[in-house]
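Take a look at the structure set out below.
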Amino acid sequence: MSATSVDTQRTKGQDNKVQNGSLHQKDTVHDNDFEPYLTGQSNQSNSYPSMSDPYLSSYYPPSIGFPYSLNEAPWSTAGDPPIPYLTTYGQLSNGDHHFMHDAVFGQPGGLGNNIYQHRFNFFPENPAFSAWGTSGSQGQQTQSSAYGSSYTYPPSSLGGTVVDGQPGFHSDTLSKAPGMNSLEQGMVGLKIGDVSSSAVKTVGSVVSSVALTGVLSGNGGTNVNMPVSKPTSWAAIASKPAKPQPKMKTKSGPVMGGGLPPPPIKHNMDIGTWDNKGPVPKAPVPQQAPSPQAAPQPQQVAQPLPAQPPALAQPQYQSPQQPPQTRWVAPRNRNAAFGQSGGAGSDSNSPGNVQPNSAPSVESHPVLEKLKAAHSYNPKEFEWNLKSGRVFIIKSYSEDDIHRSIKYSIWCSTEHGNKRLDSAFRCMSSKGPVYLLFSVNGSGHFCGVAEMKSPVDYGTSAGVWSQDKWKGKFDVQWIFVKDVPNNQLRHIRLENNDNKPVTNSRDTQEVPLEKAKQVLKIISSYKHTTSIFDDFAHYEKRQEEEEVVRKERQSRNKQ
């Protein structure tokens, strides 16, 4: 009985031998008997993906069921280690979805447990596997940290070299590529400094290295220690004082204040705007004031003061750059005049020193002497409390025309302005005066008051103005010739001009009688320090130059 069963079993076992069969032979073999073999083989090689191409159809779930388990384990067990380019996707059952990103980001064994990276990175795909060693089970390395072995690469891609301080892979137990820790430490330890020795490139050539503490060598596990100069940190560099910059050469001449800017450039224009008042200074020596001031005030500047103080005063006044510059006057006079911001008669500090400047200027030019002798300018007593009369604002384009109006006792406005003034003069007749409050555009002050003495003669052209476009003329008599800053009159507002200040008026803007009384009172009582008389000689010279140019133009036109 027993012998027969043994022979029967031996005969059946010999007939059913298979190469990879089970250890215990049975009479019948079922499909379920192979599952332990497949499952065991799957567990051993679970981390070895056979995905050489990341774009295979494994992304899509299988549409039919399979009698065997689906996984990525290699079918061959010939003994060669698999080449895991991608991580495993885990056990795939029928109907489950398989996504590529599961292998690329964050899965156990994804990019971290595998020695070689997949083709998404730039490292080569065919490294020499002999350089990795054979210790440890392939694909079953433990991950030391979440980021410990990311971005690793085989040493063969470096030409068979290792990084300073990194032994061979056969002793690496942290599942990291050779030289990873040393490379990270080398990047952290980058310093600024010169390295006296040189680093050896993988091809054997010698190049000088700067700011490297660990370098690559040609030996598999040798270390190259580079003597580095004394380390210098960024903080030490930032703490060093900046190198002193060479000082720019200053112009020769009187010493000015520390950071005073140069005086503004004055452009020479024949029309005589506010930017071109006063003697034209020479370009090479803009700082020397005696030469420009010699024309309007030759004796005034030379006698009381030396030659250099005017040059000192000019930058001191121009450095604050007060809003619109007035006509060109002596800088000390202008500073004294517009430095006062109080009410009328508040120039307690300036009259004793500066106010007499207008008197000595009488000797500057004979024409001015005749005018002062024929007219009593700036009377001490003036009837400003008018019972009847009309007052108008006159805006001039240049102070040259103011000079000629005082010289010839005439004036001319625009065509519209002439009609308005002529109508007012004829309307008042002998009932009251018609006063004109003169101001130059952009000057920042009123320069005087004149009374209209005749109706407008539309058919006559004076031919003395800085521009030839004005037609008609009428006689005027100048009463006040003084510079009154706008801040003395800005509080007076005109109800017939949108309640704007009187200083913000157009040409031939009429001032209501009650407001006109206030303006006349302030102008008459204001103790001025400057006036156009200070530069009268300068405007005389400009007029002579214009006459020469006009005659030359006329002679060319005749030819």
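Including glycine, each Cβ sits where the backbone N, Cα and C put it.
Lifted from Swiss-Prot, the feature list:
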REGION    1-50  region 'Disordered'
MOD_RES   SER2  N-acetylserine
COMPBIAS  24-33  compositional bias 'Basic and acidic residues'
REGION    238-363  region 'Disordered'
COMPBIAS  296-320  compositional bias 'Low complexity'
COMPBIAS  346-361  compositional bias 'Polar residues'
BINDING   LYS395, SER396, TYR397, ASP401, TRP411, CYS412, ASN441, TRP465, TRP470  RNA binding site
LYS395 (RNA binding site), number of other Cβ atoms within 10 Å: 19
Which of TRP411, TRP470, the listed binding-site residues, has fewest other Cβ atoms within 10 Å: TRP470
Fewest Cβ neighbours within 10 Å, where candidates are the binding-site residues TYR397, ASN441: ASN441
Annotated RNA contacts LYS395, SER396, TYR397, ASP401, TRP411, CYS412, ASN441, TRP465, TRP470, maximal Cα-Cα distance (Å, integer): 17
